[in-house]
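A short worksheet on the structure shown next.
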Amino acid sequence: MSVRPFESPPPYRPDEFKPNHYAPSNDMYGGEMHVRPMLSQPAYSFYPEDEILHFYKWTSPPGVIRILSMLIIVMCIAIFACVASTLAWDRGYGTGLFGGSLNYPYSGFGYGGGYGGGYGGYGYGYGGYTDPRAAKGFLLAMAAFCFIASLVIFVTSVIRSGMSRTRRYYLIVIIVSAILGIMVFIATIVYIMGVNPTAQASGSMYGSQIYMICNQFYTPGGTGLYVDQYLYHYCVVDPQEAIAIVLGFMIIVAFALIIFFAVKTRRKMDRYDKSNILWDKEHIYDEQPPNVEEWVKNVSAGTQDMPPPPSDYAERVDSPMAYSSNGKVNGKRSYPESFYKSTPLVPEVAQEIPLTLSVDDFRQPRYSSNGNLETPSKRAPTKGKAGKGKRTDPDHYETDYTTGGESCEELEEDWVREYPPITSDQQRQLYKRNFDAGLQEYKSLQAELDDVNKELSRLDKELDDYREESEEYMAAADEYNRLKQVKGSADYKSKRNYCKQLKSKLSHIKRMVGDYDRRKP
């Protein structure tokens, strides 16, 4: 069943609003309205974002970060396996296992056992030549760091820790990913130079000797000679070494994607309210549709012992009607008391089907047992972070629809009596002056209301970044509570209602002028 309150209009979306431009006479206004058409001014507080961000899904930005961190873990393990499988050939160089086997007839310089004993000198004694063992060690070290960092990111995201749901956490992820990505890039380049000696031999003092030794493995004519396995693995890039190089670049790309999605997550957290972000999946729907017949029987049986609804029930029902303190709707008459007191089924429905409500109902204001609206406020901490409750209701937002169908019609009738259809250009000019004056007043009043709501939203986000024991938290909480009192005052509510009346008046005048312009020949 639909959970939208009865007679509730559809939600207003600023991006779907199409203004109804009217074309005034050029001889009267000089074409000014053609150049600057009057557009609706969407208010920050009256048009909240209705989009819900499901950050618990694997396809969401945090979910993609979890997937990428898991892939980095797998690629780091693969790099360990590939690089470790080639370390045995490097140990042979240092111990001189192949001795005179390198003393080929065409070498002419007696490389022999001297190469085996002086292999390490290439990397440290002469400079400009990368030791393969040092390059592999560097890549293994960076793979270990990436493995640990990715494991931490994955674990903190999967266990749904509170730290992983803050903007500061994703800022740390961005910084760590950038550092590790740069270091892995350097390690991969060094590894390429280390496992491919001919790539770094040009311009070095041992370039000609290395080319002479390794040339036999690059030409088909040398296949008949005795092939030393240690020298072969030194001169030729093994398949597992090539795989390690490719995995190194893939890790760099993965870290770049993590940075992108972490920045995207931070932007969404800054743009949307916390109540619009779902970090955990809400199981709010039953496995099977409810039995309607049993539900009706339970409701009918429960009406005997149900206490009568409180007198302020009209203020507690989540409907699009704004009730004033004197029981009127925006200065007009409201429904009679018998309308909502004669049927006790509405409170019973609220008690019987709490599990079939949609996600939007969990974002509605809560009510206490005595029927009063509970307005959350910031308070001094009692037991550290454990005593801090999650603010799930965006109480500093209101929707523009606060009048029911009957009250809107009555209000429209008043504007029709005050501003009847235009019959002459003089009357149109008078309407235009009233429209301009009302528009300026509406913008000024709307800006005043928006300042309060924007400040509430800013303080709400700042309080999550402060420790509850700090002085900054206490000062921000006091200011938050003060603004909540200002917003709950009668002066603020009267300004809000007057602002909505002004908007209705301006819309009516605009429609009258547009109708007159369309009727003109």
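Placed from the backbone N, Cα and C atoms, the Cβ positions cover glycine too.
Worth saying up front: this structure is predicted, and the values here are computed from it rather than measured.
Residues or ranges marked as topological domain 'Cytoplasmic' by Swiss-Prot: 1-66 (among others). Per-residue confidence over the topological domain 'Cytoplasmic' (1-66) averages out at a pLDDT of 53.
Look at Swiss-Prot and you will find 1-20 (among others) tagged as region 'Disordered'.
Annotated transmembrane segment per Swiss-Prot: 67-89 (among others), in sequence order.
Residues or ranges marked as transmembrane segment in Swiss-Prot (evidence: sequence analysis): 134-158 (among others).
Residues annotated as topological domain 'Cytoplasmic' in Swiss-Prot: 159-168 (among others). Long-range neighbours of the topological domain 'Cytoplasmic' (159-168) within the same chain, counting only residues 6 or more positions beyond its ends whose Cβ lies under 8 Å from a Cβ of the stretch, are 62, 266, 269-270, 279-280, 385, 464-465.
The feature transmembrane segment is assigned by Swiss-Prot to 169-193 (among others).
The disulfide bond feature in Swiss-Prot is assigned to Cys214-Cys235. Cys235 (disulfide bond) carries a helical DSSP state (H, G or I).
According to Swiss-Prot, the feature transmembrane segment maps to 242-263 (among others), an assignment based on sequence analysis. Here the transmembrane segment (242-263) has Cβ contacts under 8 Å with residues 61-62, 64-65, 68-69, 71-72, 75-76, 78-79, 82-83, 139, 143, 146, 153, 170-171, 173-174, 177-178, 180-181, 184-185, 187-188, 191-192, 195 of the same chain, all six or more residues outside its ends.
The topological domain 'Cytoplasmic' annotation in Swiss-Prot covers 264-521 (among others) and rests on sequence analysis.
What Swiss-Prot records for Ser300 (among others) is phosphoserine, and it gives a large-scale study or a structure entry as the kind of evidence.
The region 'Disordered' feature in Swiss-Prot is assigned to 300-329 (among others).
Residues or ranges marked as phosphothreonine in Swiss-Prot (evidence: a large-scale study or a structure entry): Thr303 (among others).
Per Swiss-Prot, phosphoserine is recorded for Ser311 (among others), and the stated evidence type is a large-scale study or a structure entry.
What Swiss-Prot lists as phosphoserine is Ser319 (among others), and the listing cites similarity to another entry.
Feature annotation from Swiss-Prot assigns phosphoserine to Ser338 (among others).
As annotated by Swiss-Prot, phosphoserine applies to Ser358 (among others).
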*For Ser489 (phosphoserine), the three-state class that DSSP assigns*: coil
_For the transmembrane segment (134-158), distant same-chain residues with Cβ under 8 A (at least six beyond the ends)_ = 62, 65-66, 69-70, 72-73, 76-77, 79-80, 83-84, 86-87, 90, 123, 164, 169, 173, 176-177, 180, 183-184, 187-188, 190-191, 193-195, 244, 248, 251, 255, 258
*Distance from Ser489 (phosphoserine) back to Cys235 (disulfide bond), taken between C-alpha atoms, in Å*: 82
*Minimum Cβ neighbour count within 10 Å among the recorded positions Cys235, Ser489: which residue?*
Ser489
